[in-house]
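K.L.:
Take this structure, written in structure tokens, and hold onto it; I'll ask about it next.
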Amino acid sequence: MHAFLIFCYLGATKLHASDPPLTLDYYASTCPTVFDIVRKEMECAVLSDTRNAAMIVRLHFHDCFVQGCDGSVLLDDTITLKGEKKAATNIHSLKGLGIVDKIKNMVESECPGVVSCADILTIAARDAVILVGGPYWDVPVGRKDSVTANFDLANTNLPTPDESLLSIIAKFLYQGLSVTDMIALTGAHTIGMAQCKNFRSRIYGDFESTSLKNPISESHLSNLRSVCPPIRGGDNNITGMDYMTPNLFDNSFYQLLLNGEGLLNSDQEMYSSVFGIETRELVKKYAADPLAFFQQFSESMVKMGNITNSESFIAGEVRKNCRFVNT
């Protein structure tokens, strides 16, 4: 098992070894105000609805796991291009696209044709986290937007809510991300919402056996079941993945896992799986130490943002409209 994972990991790092490096000052002379513009727009978006923060972070994650962080997730379907938005992992759940459009319009009016949609999304994800109480990190920039998308990779590369722990670990290792990166990045679920269809199997499955048998836990489970009926109906009903502090970026998500109250099977597996020896220790560590979680989350977000699409540096562009390739 470990040999396989190490092989995956080594195979993955080669994918990104020769990519042009990203830099912190890439736009220093061409669009010095880009970071300010993105921050102001994100402030407006999060003030109007705190859920927008989680939506942007998720969008960035779903972009980076398919051909690298190249803005491919933002492309609409056309006659000649099949986008990623209708893949099983994305359909009905990718939100925040309008926010990216709005930021792009503002940036274009200030510095036309300079800043890629991929960079805008990466910067916006960092600002989204800060605006709901999470850590700051410097964002390396200089990505190009891809002129392609990959529907099939969106279906195979992205983790799913009922996937096994080992399978999800393999998907992260394939991207050159470690088990530690996986546990830290999943901590973004401290601000996310989940749809009933993605947690139904959990709340009618082993939720009772993993959770503490106390009145709070039992009342929480009955609330979840009222949101999400056992069969048919309510598929798109939503609830917070961290019911303690759903609008605050903190470490309470990991405390829920210790209590056996993870909303998604894939999340609870990080603590409860028989294969989760390393993952269980990391969950305990981040549940006990919010600073350790913040520090690792920042590092892992930079690492994920550095998964680049080498083809996009050669054939890529700066899209005028994030939804369509330039004509």
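Each residue's number is its place along the chain shown, starting with 1.
Glycine is no exception: its Cβ is also placed from the backbone N, Cα and C atoms.
Take a look at what TrEMBL says about it:
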SIGNAL    1-17  signal peptide
DOMAIN    21-326  domain 'Plant heme peroxidase family profile'
SITE      R58  site 'Transition state stabilizer'
ACT_SITE  H62  active site, proton acceptor
BINDING   D63, V66, G68, D70, S72, E84  Ca(2+) 1 binding site
BINDING   P159  substrate binding site
BINDING   H189  heme b binding site
BINDING   T190, D242, T245, D250  Ca(2+) 2 binding site
K.L.:
Could you round the CA separation between D250 (Ca(2+) 2 binding site) and D70 (Ca(2+) 1 binding site) to a whole angstrom and send it over?
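P.N.:
Cα-Cα, rounded: 28 Å.
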K.L.:
Distance check, please: Cα of V66 (Ca(2+) 1 binding site) against Cα of D242 (Ca(2+) 2 binding site), rounded to an integer number of angstrom.
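P.N.:
So the Cα of D242 (Ca(2+) 2 binding site) lies 27 Å away from that of V66 (Ca(2+) 1 binding site).
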K.L.:
How many whole Å apart are the CA atoms of T245 (Ca(2+) 2 binding site) and S72 (Ca(2+) 1 binding site)?
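P.N.:
So the Cα of S72 (Ca(2+) 1 binding site) lies 32 Å away from that of T245 (Ca(2+) 2 binding site).
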K.L.:
Around the Ca(2+) 2 site formed by T190, D242, T245, D250, which additional residues qualify by having Cβ within 8 Å of the site's Cβ center?
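P.N.:
Filtered neighbour residues, in order: I191, M244, P246, L248, F249, N251, S252, F253.
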K.L.:
Would you mind checking how many other C-beta atoms are within 10 angstroms of the C-beta on E84 (Ca(2+) 1 binding site)?
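P.N.:
Step by step: centre on the Cβ of E84 (Ca(2+) 1 binding site), count other Cβ atoms within 10 Å, giving 26.
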K.L.:
Mean pLDDT across the domain 'Plant heme peroxidase family profile' (21-326), rounded to an integer, is what?
P.N.:
95
K.L.:
To the nearest whole angstrom, state the Cα distance for the pair G68 (Ca(2+) 1 binding site) and T190 (Ca(2+) 2 binding site).
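P.N.:
Distance between the two Cα atoms comes out at 24 Å.
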K.L.:
Looking only at D63, D70, D242, D250, the binding-site residues on record, which one has the least crowded Cβ, with the fewest other Cβ atoms within 10 Å?
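P.N.:
Fewest other Cβ atoms within 10 Å, among the binding-site residues D63, D70, D242, D250, is found for D250.
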K.L.:
Near D242 (Ca(2+) 2 binding site), which of the recorded positions R58, H62, D63, D70, S72, P159 can be found within 10 Å, Cα to Cα?
P.N.:
none
K.L.:
Reported as an integer number of Å, what is the Cα distance between T190 (Ca(2+) 2 binding site) and S72 (Ca(2+) 1 binding site)?
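P.N.:
So the Cα of S72 (Ca(2+) 1 binding site) lies 26 Å away from that of T190 (Ca(2+) 2 binding site).
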K.L.:
CB neighbours of the residue listed as 'active site, proton acceptor' within 10 A?
P.N.:
22
